[in-house]
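To start, the structure itself, in structure tokens.
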């Protein structure tokens, strides 16, 4: 009895030291996180990484939005749980298989049996049996220890729209979504920086005398005989299915070769800068700043993405295996995008050979938006953003029912 009273006591009967300790821990953690964000933003601004600083501020805004959603759920938890719906409607489109009969029906039948049985006994034996029956009835409470008789909808023969336990689980879902949003954003940037560290050495090499002599503009060569031409220009690669097959396989092995980087660098500088600024331009830093700008789009969650969250939650019906099939979507998109980028580089090499079979110095590629899907290079960024957003949803609610699904979900994500 004492344990039951302790579990439901309010703040009026809670020691002040316990309340102060919990508040102190939460306030301290919040202040530390806020200070870390502040220091990170100031360091990025001092490092002239203003775009990345704006991305951090955008990330803070998204976390504030998730926190506000969690606060609204906490405030409206009781009113939502008091919204009653018919039992047959509540048993439709369940995310997990319902293995037992309705607990509410069991309690009602148990109570009717108790009333009839106790009425036929003597007073002493009746009270003894009644206590036993009420003790067993407490075992029919839900997992949180809340007796079903306390449900305001049970007296109406209905069930809650979402129980208080369900709202608590939704709180956890929002928290996990916020954490994974940060983790995947940071992981994306870390992988990008790791990839570009190799390009820093290539950028330094482009300023050496040996590189300038080897790519002297007064030196004429057949385009097919250049390193870039030998890598991409082959007669059989002009067949579209074979080209896509080569691009698909090449993304797994040396997807960005040094010759590709140096050739694209030369083409970018020739298209956007004058000749006298060639040796002063750092193409690797330009790509890094572009990555910082793209990171702002990656960490943001548009209203369309929130609409997708609602759709995914709606379709998470037991037996449909929606989350299992969604696991394949990010993998397919990433592989297709990687192959597409390899195909774009190869097509630029084909255009050089078609326009002029002789190259002066480094082959001059001409980037064109028409090489991308729908003529929109930013569509690739939209797909990457979608991939990062989809893989944040983790496992389906009933992951324990099928081990194969959980393994596939983890591996593919």
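The backbone N, Cα and C atoms fix where each Cβ goes, and this holds for glycine too.
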Which listed span TrEMBL calls transmembrane segment, if the choices are 297-315, 354-372: 297-315
Cβ-Cβ under 8 Å with the transmembrane segment (173-193): same-chain residues at least 6 beyond its ends: 59, 62-63, 66-67, 69-70, 73, 288, 291, 295, 298-299, 301, 388, 391-394
Intrachain neighbours beyond the transmembrane segment (17-40), with Cβ under 8 angstroms and 6 or more residues off its ends: 11, 56, 60
